Amino acid sequence: MPLKKLKPVDPLKLYSALRDFGMPFMLRSAEKDSRKARFTYISAEPEFVVEVGEGTEIDGERVSDERNPLRALKGLMGERVEGRRFMGGFVGYVSYDSVHSIIGGKIEEPSVFGYYPWTFIYDHSTGALSFFYLREAPFDPEALVERARREESRLEDGGSEVISTDAGMEEFVEIVRAGKEYIYSGDVFQVVLSREYRVRTDLDALEIYKRLVELNPSPYTFILEFEKTVVGASPETMGSVEGRTFKINPIAGTAPRGRTGEEDRELEKALLSDEKERAEHVMLVDLARNDVRRVSKPGSVRLTRFFDVLKYSHVQHIESEVVGELDEGKNAFDAMEAAFPAGTLTGAPKIRAMEIIDELERSRRKVYGGAVGYFSLTGDADMAIAIRMAEIEGRKASVRAGAGIVADSVPEKEFFETENKMRAVLKALGVRE
């Protein structure tokens, strides 16, 4: 297996050196139970690009009518290598909008993946940098490393301003009340409703990424500079597959951070004793169990963590972990299809919740609420939920957040939850509070 050891270099500088090439990406993932990065994957110049919207295209040419991105990718992954985690393969995003392949309706925001049979792999625990390649890459990895080692770190100036929102406080309170009516009538137990800020920015995408990682260290951080750029620091996996193990970590239940250690602990205690938050979390753990069970061996599904509190820069969340062993004939694409869309971004039951989201939200979700990550040539996969992120096109960015609505939700409180969730991303964009 072609794996070249290279002189170590700061991954941010290496990514910066690679930006002259097409469709660069940087994915950073943490070890289980830690937000400290374990591996960073960096590459560019995919061999081909898959776009799935109202059909599947490869490099701009329509190849099928398949609208489900996970099924489309499954049919295109022909190569396999021995190893673990990411060693080349598909990197990109599944747009939330592709739920219309499940519930009907037009897909307006395509899912996009590049196929990268070459990638830099940086191991944060050892400081080792290596370059995996199935074929000769369209760039010289050693020359890029040398260039990166000479790169000067610099802070970019610039900022952003909010230009509009699809739902201010009054409108969002109305949306939440309408969602609660569907809960009272028995359509759903919970529905996740979101709102968006549109922002004008003159900040470089890599600077936004650097600021966001510093402000909000998270298990998953990413920058993908495709035709659309996505930059994010997500706390939550939609699903991961390592070997034959399929894992979902549902996060549900949110409280703000305290200004002091004592206030923070009080808010954590209140969060864990809040009946509404507990009920919401248990509901979504059950949903994750069902998703994992759909593709796992009978009797292999288990709950390995329950009601842990994880703390981020502006919020703290309750998290659990559901694990199963993939059934015979099932692979990472089947696992992610079972998980998509994440129940923590729709509510339960999923299908009816998605229909209500379509009806009540004031604008389409685009990539937000979908997933960002990789499908490796090793058979492993890791997809973060596309939240705590900015979607950037030219000088315009959109930032979105949602809140889980249940029968006793207080609409005004849910509005402030969306504000708290967006705060770190807006701050990274340079929007003044």
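Every residue gets a Cβ built from N, Cα and C, even glycine.
Going by Swiss-Prot, these are the annotated features:
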{"type": "BINDING", "residues": "S29, P219, Y220, T221", "note": "L-tryptophan binding site"}
{"type": "BINDING", "residues": "G253, T254, Y368, R388, G402, A403, G404", "note": "chorismate binding site"}
{"type": "BINDING", "residues": "E280, E417", "note": "Mg(2+) binding site"}
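Swiss-Prot feature annotations superimposed on the structure.
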| residue | record | CB count, 10 Å |
| --- | --- | --- |
| S29 | L-tryptophan binding site | 22 |
| Y220 | L-tryptophan binding site | 29 |
| T221 | L-tryptophan binding site | 26 |
| G253 | chorismate binding site | 24 |
| E280 | Mg(2+) binding site | 25 |
| Y368 | chorismate binding site | 27 |
| G402 | chorismate binding site | 25 |
| A403 | chorismate binding site | 24 |
| G404 | chorismate binding site | 27 |
| E417 | Mg(2+) binding site | 20 |
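Between the CA atoms of Y368 (chorismate binding site) and T221 (L-tryptophan binding site) there is a gap of 14 Å. Mapped onto three states, the DSSP output places R388 (chorismate binding site) in coil. Comparing CA positions across the binding-site residues S29, P219, T221, E280, E417, the one lying closest to R388 (chorismate binding site) turns out to be T221. The binding-site residues near G404 (chorismate binding site), taking a 10 angstroms Cα-Cα threshold over the set S29, P219, Y220, T221, amount to none. In terms of Cα distance, none of the binding-site residues chosen from S29, Y220, T221 sits within 10 Å of G402 (chorismate binding site). Candidate binding-site residues: S29, P219, T221, E280, E417. Nearest to T254 (chorismate binding site) by Cα distance: E417. Note on P219 (L-tryptophan binding site): other Cβ atoms within 10 Å of its Cβ, all shown chains, come to 26. In the shown protein chains, 20 other C-beta atoms lie within 10 A of the C-beta of T254 (chorismate binding site).
Put simply, the two farthest-apart Cα atoms among S29, P219, Y220, T221, the recorded binders of L-tryptophan, are 7 Å from each other. Classification of Y368 (chorismate binding site) by DSSP places it in coil, neither helical nor stranded.
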